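> These came from Swiss-Prot, pasted as-is:
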COMPBIAS  1-16  compositional bias 'Low complexity'
COMPBIAS  20-34  compositional bias 'Basic residues'
COMPBIAS  118-129  compositional bias 'Basic residues'
COMPBIAS  136-157  compositional bias 'Basic residues'
COMPBIAS  165-183  compositional bias 'Basic residues'
COMPBIAS  190-222  compositional bias 'Basic residues'
DOMAIN    35-108  domain 'H15'
MOD_RES   S2  N-acetylserine
MOD_RES   S2  phosphoserine
MOD_RES   S18  phosphoserine
MOD_RES   K26  N6-methyllysine
MOD_RES   K33  N6-succinyllysine
MOD_RES   K33  N6-(beta-hydroxybutyryl)lysine
MOD_RES   T35  phosphothreonine
MOD_RES   K84  N6-(beta-hydroxybutyryl)lysine
MOD_RES   K89  N6-(beta-hydroxybutyryl)lysine
MOD_RES   T151  phosphothreonine
MOD_RES   S169  phosphoserine
MOD_RES   S185  phosphoserine
Amino acid sequence: MSETAPAETTAPAPVEKSPAKKKTKKAGAAKRKATGPPVSELITKAVSASKERGGVSLPALKKALAAGGYDVEKNNSRIKLGLKSLVSKGTLVQTKGTGASGSFKLNKKVASGEAKPKAKKTGAAKAKKPTGATPKKPKKTAGAKKTVKKTPKKAKKPAAAGVKKVTKSPKKAKAAAKPKKATKSPARPKAVKSKASKPKVTKPKAAKPKAAKVKKAVSKKK
C-alpha cells in the first residue's frame, strides 16, 4: 500500500490595514488643528474686546470664545494653559485670583509696543513708493537725447546762411566793378564846349541896336 503524504496548505499572510487607518486619522486631526487660530490669539482678542475695567473673568472669557465658535468644553485645559502662558509672557495681567481662575486684563505696555512696529511698517511702505517712482528718471534722459539730436540741425542752418551770404557777395563785387561811370566823365568836356559856343550866339544880339536906329530914322522922315 502506498502512503500519500498530506498536502501542505500555505496560510495567506495577514494584511495590515489598521496602521493605514491610524495614519489617516492623525492627518485629519492635524488638519483640524491647523484650520483654527491658536488659543492664545483667541484669548487676547476676547480680552481686548471687553470693556470691563476690572478685567475679564474666566467664565466670561469662555462665553466669548463659545460665541466665536470655539469648543470650550473639549478645550477647557487648553484655555487654562493659554491664560497661564500669556500671563508669564506679559501680554496679560491677572487682576484677581491665582492661576487660571480669576480675571485678566491686557497689558498696556505690550499693546503699545505692538502698535509701534505697525507704524514702522507704514513708514517703510511710504519709503518704498519713491523707489517705485525712481525708474521714471531714465525717461527724462531719453528726452535729453532728443534735444541733443535737434542741436545739429540748428548748426546746419547758420552754415547754410553763411553760404547764402557768400553767394550774394559776388553781386557786391559787380557793383564795385562799375567803373563805367568813369567812362562817362569824358562827356563833360562837351558841355564845356557848348558853353564856349554861346558867345557866337551873342553876335546877333549886337545887330538889334541897328534896327532901333532905323526905326528912329523912319520916324524922323514922317
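Cβ coordinates are placed from backbone N, Cα and C, and glycine is handled just like the others.
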> If you skip the near sequence neighbours and keep only those at least six away, which residues in the chain come within under 8 angstroms of K89 (N6-(beta-hydroxybutyryl)lysine), Cβ to Cβ?
none
> By a simple count, how many Cβ atoms lie within 10 Å of the Cβ of K84 (N6-(beta-hydroxybutyryl)lysine), its own Cβ left out?
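For K84 (N6-(beta-hydroxybutyryl)lysine), the count of other Cβ atoms within 10 Å is 14.
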> Could you tell me how many residues in the domain 'H15' (35-108) are helical, how many are strand and how many are coil under DSSP?
37 helix, 15 strand, 22 coil
